[in-house]
Amino acid sequence: MDKLSKSQNIFKKHSSYILPVVLILIVSLITYYRVMIQIDLGPISDSCDFLSDALLFAGQNIGYSDLIRPPFFPFLLSIIFKMGYVSTNAIFILDGLMYIFGVIGLFLLFKLHFNSVQSFLGSLLFATFSIVLTVMSVGFSDLASVSITIWTFYFLILGVEKNSKFFYLAFPFAMLAFLTRYNSALTIFPMFLYIFINIHKINIRNMLVGMSVSVLVIVPVFIFFFEKFGNFLYPFMNFFGTASGPSLPESAAYNSNLFFFIDKFPLFIGHEGILSVIIILTGVFIYGVLRFKRSSKDKINSFSGFKLEKRGTKLKLILFISLISIFILSFGQIFWMWSEILFFAVGYMLYDLLKNFNIKDADIHLLFFAWFMAFFIFQSIYIIKDNRYFVIMAPPVAYFLILGLQEVSNGLKFKIKNKNVTFPLIAVILTAAILLSTASYLPTIKQANEKNKITNENIESASQWLINYDPDYKNKTIYSDMWPNFSWYLQTNVKMVPVFMNGQSYSGGVKEFNLTLKDNIAYNNELDSNKADYYLCLRKGLNLTHYTSVAQFGNVIIYKRK
């Protein structure tokens, strides 16, 4: 027993060093297997766009790029290319490294409120959420942006609580997150809410210096965009115009359901997340029953900080209720920016009402809540939706799950030798569940994407065939439905053929494609008017008047002008 106690004391003393190392080892192993899975599956169109942009940044322009996309992720990728490793695998590896970078940052961020065990469990929960594992190493910029955002908030809190010179890092990191994924601009709402409620602690000069440094970060990007487009704001205008503009219901990603992310919440957090919720709800129920049996005196005292007899408090409460009512009733009915501003006001009023309760780290709780809501509001109202958009909301979800587990363990104390071991027991159970769930989930990613793997292999085979068939192909006009992929494999500019359906063209695909005679004519006109020499096609049933099929690889057909 003495040996056990000695081991416990050693662990407690060195847990702040042991647990981060264990966490890094676990997520590194997860990353390795996830990267290997993606290498086997191959790149998707978004990945190929980033790969082509990275080649341009590395000085190896192939003629195709998509510079409307945020530049920082392909810029990082271009560094790998400059080192001589030009491969699709590079983007999978970079994505995985950014994932590890984010998990480390989240552990440090959680440590600002939680202890080492709680921070370890919270970071591991985030790292193994189903949606995070699915998106990781695919070659999207989502996870990279989330990782940089995590470090942004870490430096922000340090800038307020420890040393205001951390603002020199917080604001530039926020800018890098924005340049990795443009919707990360929404971090300004939780950032400035946290700043406003702590304004009395802040060195304004150092904060302004941090903001100035962030401007210096974006200046080279402005110069580059001006050289390419003649307007340094063009890519940003394109994004924000898309975010506020209409979309056709037939578009593949169109979804007007305001509760999309709520409906799919269990799917996003996976079995371990659901288990955490069950433990919290069970704990709250048991704790509630126990509290109910106690004297009502405790209940009265628990609200002693909320003095309604004060006229100012009553007015604040009325204003708070009015704001939150307007927010709820107008949600989805007004422009998303107004909803963001309304919630900003709600958050500020909420903190003002609760500050008399002396809740430890209430400002940090509100920061995480505002972080979640800033993106939940935008992504819910924005009619283009995708499961991966939840990734930016995943860190706050992990935070509140651990906060809930912490409160349950504090309320339901299971003691051994007068020590509350409730949370350590929960941590052991959840860690085991997480590891088992992750081990069983990773293979399903490969199985679910088997068709994409076959398509990617067909695209690569078709590309190699065309290279051998027509050595002068780079001087020909080539069009394709999968232009980013073919541009990468052929190392030339392959142009887009949109989806034609019912008199409309869709660059992002449609939900259901049923070819009609009118659509067939549209495809013919598109190719004829652009004088395409080759059409690398993934559409079934086309009857192209001036083109003949010269080769087929699975679902990929190569058409050549007659």
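Using the three backbone atoms N, Cα and C, a Cβ is placed for every residue, glycine included.
Taken straight from TrEMBL:
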| type | residues | note |
| --- | --- | --- |
| DOMAIN | 69-223 | domain 'Glycosyltransferase RgtA/B/C/D-like' |
| TRANSMEM | 17-35 | transmembrane segment |
| TRANSMEM | 90-110 | transmembrane segment |
| TRANSMEM | 116-136 | transmembrane segment |
| TRANSMEM | 143-160 | transmembrane segment |
| TRANSMEM | 166-196 | transmembrane segment |
| TRANSMEM | 208-226 | transmembrane segment |
| TRANSMEM | 273-292 | transmembrane segment |
| TRANSMEM | 313-329 | transmembrane segment |
| TRANSMEM | 366-384 | transmembrane segment |
| TRANSMEM | 390-409 | transmembrane segment |
| TRANSMEM | 421-442 | transmembrane segment |
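Contact counts against the transmembrane segment (143-160), taken as Cβ pairs under 8 Å, peak for 166-196 among the stretches 17-35, 166-196, 208-226, 366-384, 390-409. Counting same-chain residues at least six beyond the ends of the transmembrane segment (90-110), those with a Cβ under 8 angstroms from any Cβ of the stretch are 19-20, 23-24, 27-28, 31-32, 34-35, 38-39, 43, 47, 50-51, 54, 73, 76-77, 80-81, 118-120, 122-123, 126-127, 132, 136-140, 143-144, 146-148, 150-151, 153-154, 157, 395, 398-399, 402. Of the Cβ pairs linking the transmembrane segment (390-409) with the transmembrane segment (116-136) and spaced 6 or more residues apart, 3 or more are under 8 Å, so the two regions touch. Remote same-chain residues near the transmembrane segment (366-384) are listed as 153, 156-157, 183, 186-187, 189-190, 193-194, 197, 242-243, 247, 251, 253-256, 258-261, 331-332, 336, 339-340, 343-344, 347, 350-351, 390, 392-393, 395-397, 399-400 (criterion: CB distance under 8 Å, separation of at least six residues from the stretch ends).
Residues of the same chain lying 6 or more positions beyond the ends of the transmembrane segment (166-196) and with a Cβ under 8 Å from any Cβ of it are 70-73, 141-142, 144-145, 148-149, 151-153, 155-160, 202-203, 206-207, 209-211, 213-215, 217-218, 221, 236, 239-240, 243, 340, 343-344, 347-348, 363, 366-367, 370-371, 374-375, 378-379, 392. The transmembrane segment (116-136) is not in contact with the transmembrane segment (208-226), judged by fewer than 3 CB-CB distances under 8 Å for residue pairs 6 or more apart in sequence. Looking at the domain 'Glycosyltransferase RgtA/B/C/D-like' (69-223) alone, the prediction's average pLDDT is 96. For the transmembrane segment (421-442), the list of distant contacts is 26, 30, 33-34, 37, 117-118, 120-121, 124-125, 128, 130, 133, 270-272, 275-276, 279, 405-406, 408-410, 412-415: same-chain residues at least six beyond its ends, Cβ to Cβ under 8 Å.
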